[in-house]
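Engineer: Checked TrEMBL, it gives:
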type	residues	note
DOMAIN	37-144	domain 'Cystatin'
Amino acid sequence: KYPRISVETSLVLTKDSMFLKTPLLLGLIVLGTHVWTIQKEFVDVSKNHDYFVASMEFALAQFNEDNMEEHSYKLLEVGWAQQKVSFNHKVHLELHRTICKKQDEDLNNCPLQEGPGEKKVDCTFIVDARPWFSQFTLLNSTCIQK
C-alpha cells in the first residue's frame, strides 16, 4: 500500500544555524533597548494635547489644595510640556497668586494679586495620567518663588 514515512524533529544547533539566528537576536536586543530608552526619557509634546491639558489642570488643582496659603493660584504661562510613552507628563508652569480664597466658586475668573501681596512661583510637575480611568497622580512637584 503506502510506504511508511517517519518524521523526526531534531533540535540540534549547528554553527550555521546559530549564525543565521544571531542577526535576529541582535535586532531584538537593539529594539528592546530602544523601547526601554524611549519609556525612560521625556520628549516634548504639544501643550494642547488632551491628556496633557488634563494633567496640567490636575497639577494646578493639586498645588492649590496642598498649598498652605489661603489664596488660590492661577496659571500664567506653560513654559514647556513633555511626555513619556507611559502617559507621564512633565510640565513647567508659571503660577500667580489670586485675590480669591481657595474655597471661592469661580477661580478661573479671579483677578491676580498686585502690589505687596503679589506672589509668583515657577513649578515643575510630573503627573501620571490614566485618562481612560479619570485617574491622575502627582508624582513630583518642585516650586520656586520668583
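The chain as shown is numbered from 1 upward.
Each residue, glycine too, has its Cβ placed from N, Cα and C.
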Engineer: When the pLDDT values for the domain 'Cystatin' (37-144) are averaged, what is the result?
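Structural biologist: Within the domain 'Cystatin' (37-144), the model's average pLDDT equals 90.
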Engineer: Looking only at the domain 'Cystatin' (37-144), how are its residues distributed among DSSP helix, strand and coil?
Structural biologist: 27 helix, 51 strand, 30 coil
